[in-house]
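Asks: One structure, as structure tokens, below. Some questions next.
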Amino acid sequence: MIDTTAPLSLLEALVLGIVQGLTEFLPISSTAHLRVVPALLGWDDPGVSVTAAIQLGSVAAVIAYFRRDLTQVLTGISRAVRHGQWRDPDARLGVAMVIGTLPILVLGLGIKFFWHAGYASSPLRSVPSIAIVSIVMALFLAMAECMGPRLKQLGGVTGRDGFVVGLAQALAVIPGVSRSGSTLTASLFDGWNRADAARFSFLLGIPAISIAGLVELKSALSTSAGAGPLPLLVGIFSAAVVSWLAIDWLLRFLQRNSTWIFVGYRLVFGAGLLVWWAFKSAN
């Protein structure tokens, strides 16, 4: 059941879609911003179901952007199944994506079916929790930026790489962690170059975000306080357009630059939230 108290307006859906598109693939946590931006604007929390459904726009964008990569992965897996060519780079990438999806799939479905109501109202979704998590993850990203050797490339990905990065992806069920941030951090710690780390993060997110969005879409549409089809379509469409632009920008950016700008942003974001929350609580 969706955890909002009022239907979503078209303006709210548009803003949430833009926020989703900007933050899903940047290592700054879309879940945190989708929780915090409505709070700052005085809107109701859109809830787990609506935010997950709007993520389908990001799924459409990443599938469209990486359509050639995905076609090659499917072709590689097909060759491996038919001819046993499991050392093929495209087949290995497909296997890594499957293995990397399992941790968040198990954890996410467990939360959905056994702790959904508790998770939706959990202290993990509170502003101070999101702020603290954002600061902690910024520090981990900073350490990864300093320590990683930057030698691994996507063509050499293994099932072990998929599992390691997949475990990091599972941490994204905690608001403020950032799915792209946790996977990028784990990849950098594991020795990937920045651009390929981001590319694998995007590809790995396709199954996880797709499943989460489809599972929650019915709930977002079916409850009396839900968003309704038109606002959801507005949110999904705006998320798709902005996500495409964000993916393209980040891949180009990381070919020439480090992730320090995101470390700084997350530190300022987290500290600013704590100050805002303290001021609001005092009044």
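Using N, Cα and C of the backbone, Cβ positions are placed for all residues, glycine too.
In case it helps, Swiss-Prot gives these features for our protein:
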- 46-66: transmembrane segment (TRANSMEM)
- 95-115: transmembrane segment (TRANSMEM)
- 127-147: transmembrane segment (TRANSMEM)
- 154-174: transmembrane segment (TRANSMEM)
- 200-220: transmembrane segment (TRANSMEM)
- 227-247: transmembrane segment (TRANSMEM)
- 259-279: transmembrane segment (TRANSMEM)
Asks: Counting CB pairs under 8 Å, which listed stretch among 46-66, 95-115, 154-174, 200-220, 259-279 touches the transmembrane segment (227-247) the most?
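Replies: Maximum Cβ contact count belongs to 46-66.
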Asks: Considering only Cβ pairs under 8 Å, which range in 95-115, 154-174, 200-220, 259-279 makes the most contacts with the transmembrane segment (46-66)?
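Replies: Per the Cβ count, the answer is 200-220.
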Asks: Which one of these stretches, 95-115, 154-174, 259-279, has the most C-beta pairs shorter than 8 Å to the transmembrane segment (200-220)?
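Replies: Most contacts with the transmembrane segment (200-220): 95-115.
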Asks: Who are the long-range neighbours of the transmembrane segment (154-174) in its own chain, taking Cβ under 8 Å and residues 6 or more past its ends?
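Replies: Contacts of the transmembrane segment (154-174) (Cβ under 8 Å, skipping residues fewer than 6 from its ends): 31, 89, 92-93, 95-104, 107-108, 111, 124, 133, 182-183, 185-187, 190, 196, 199-201, 204-205, 208.
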Asks: Report, as numbers and ranges, which residues of the same chain sit near the transmembrane segment (95-115): CB under 8 Å and 6 or more residues beyond its ends.
Replies: 73, 77, 86, 157-159, 161-163, 165-167, 169-170, 172-173, 200, 203-204, 206-208, 211-212, 215
Asks: Apart from its near flanks, which chain residues at least 6 from the ends of the transmembrane segment (259-279) lie with a Cβ under 8 angstroms of it?
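Replies: Non-local partners: 26-29, 32, 36, 40, 127-128, 130-135, 137-139, 141-142, 145, 176, 181, 184, 188, 194.
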